[in-house]
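The next block holds one structure in the form of structure tokens; read it before the comments.
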Amino acid sequence: MDVLDLLVRNTSEVLTVEGSHRERAEDALTPRPGAVVGVREGRIAYVGPEAGLPTGAVGPGTEVVDAQGGFVGPGFVDPHTHLVFAGERSAEFDLRNQGATYLEIAKAGGGIASTVQATRAASEEELVRLALPRTKRLLEQGVTTAEVKSGYGLDLATELKMLRAVRRLGTLTPLELVPTLLCAHAVPEEYRGKREDYVRLCIEEILPAVAREGLARFCDVFVEDSAFTVDEARRILSAGRALGMVPRLHADQLTVCGASELAAELGAATADHLEQVTDAGLKALADANVTAVLVPTSTLFLRMRPYAPGRRIRDAGLNVALGTNVNPGSAMSENTALALGLACLENGLTAAEAYWGATRGAAMSLGLQQHGRLTVGDAGDLVVFSCASYRHLPYHLGVAHARVVVKAGRIAVRQQMEGCA
């Protein structure tokens, strides 16, 4: 073995997360008590007992991280974010707390429309500047990879501007970004009463322009009574797939609308939200091997019920991923630790199932085969936590405990922490 670039030692355990979502989550996390982790050239090079390290693996240039008895796991992967936007909507937050609903605010011209106005007015440079602190907060939570959606442009120029900002942002932060086109987030004000014209704009102009520049890996649609119909979503997502963008769907969040069945029909990568999913929808998703992405922070933020039925989803055999859905309107929070806690308290998952969802489950949803686990050859993305067990993360609600965050073998975050209680 060549000399390691980085070695993490003195761990309580290392979670390599080598298992499958079809087995018991506690087993799928594959804990290695007292193991060390070695990284070389941005990849995992060794996981095992320290005594098993080959002679010469640790040299003068090896950075040695003392885990101080904390556990080590893969970097978190956030499969659902809206990191790039301008403006803020704290006034709407206050209105909701006085009884206004999300749909009432949207119909009055607030909601997504207000963020669209601010994002259209911002330059690409300003969008990058505004998003950089959000990436830092995600990194401090232990997130090393995040999906990022557009969707606050709703016109050709601004959707391109947002995705170019995502690309630029990825050169300025250690956080790895996976771009998704969400031009079908809402029908913009100027197309009110002309929704078919907007659907055609998405299909005939926005999608081809994004594909020409290679700006998005995925294409998403918000399928809902207040957004896009199943038929409209089918047309947009099929057009995106023809251009190389894999479908993702905002599905069955506010009403039962057939979005889960559509995700299954299209063989989508994910169906996200699923607060209103039916048993028939779950069966369709399971049969089509679609990942369910839970975003409980938004359910909390909107003061809605029910939460997505995580227990039923998991028991139906679906791979479950867990995201923050950080966005200015329905989940202004980069707190992965809070999402883990809510997944247990409100979605009905065990601590192991929630941890799987934030690591390997999320990586699978993005098609990232070498992320979200720690086996030799995988991405050198890992987190050294200040607590001895992953079970402490959802229990200590909203507290990250990410003491050292490593991205591609380099330390991206180092935070002073003593103990975990």
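Every residue gets a Cβ built from N, Cα and C, even glycine.
Per Swiss-Prot, the feature Zn(2+) binding site maps to His80, His82, His250; the stated evidence is sequence analysis. Look at His80 (Zn(2+) binding site): DSSP puts it in coil.
What Swiss-Prot records for His80, His82, His250 is Fe(3+) binding site, and it gives sequence analysis as the kind of evidence.
DSSP assigns Arg89 (4-imidazolone-5-propanoate binding site) to coil in the three-state reduction, outside any helix or strand. The feature 4-imidazolone-5-propanoate binding site is assigned by Swiss-Prot to Arg89, Tyr152, His185, Gln253, Ser330, with sequence analysis given as support.
According to Swiss-Prot, the N-formimidoyl-L-glutamate binding site annotation covers Tyr152, Asn327, Gly329. According to DSSP, Gly329 (N-formimidoyl-L-glutamate binding site) sits in a coil region rather than a helix or strand. In the shown protein chains, 26 other C-beta atoms lie within 10 A of the C-beta of Gly329 (N-formimidoyl-L-glutamate binding site).
The DSSP secondary structure for His250 (Zn(2+) binding site) is strand.
Under DSSP, His185 (4-imidazolone-5-propanoate binding site) is assigned to coil, being neither helix nor strand in the three-state scheme.
Take the binding-site residues His80, Arg89: by the count of other Cβ atoms within 10 Å of each Cβ, the lowest one is Arg89.
Taking the Cα atom of each, Arg89 (4-imidazolone-5-propanoate binding site) and His80 (Zn(2+) binding site) are about 20 angstrom apart. Listed binding-site residues near His82 (Zn(2+) binding site): Tyr152, Asn327 (candidates Tyr152, Gln253, Asn327; Cα-Cα distance within 10 Å). A Cβ within 8 Å of the Cβ centre of His80, His82, His250, the residues given for Fe(3+), is found for these other residues of the same chain: Thr81, Lys149, Gly151, Leu182, Asp220, Asp272, Val295, Gly323, Asn325, Asn327. With respect to His80 (Zn(2+) binding site), the closest of these binding-site residues in Cα terms is Asn327, chosen from His185, Gln253, Asn327, Gly329, Ser330.
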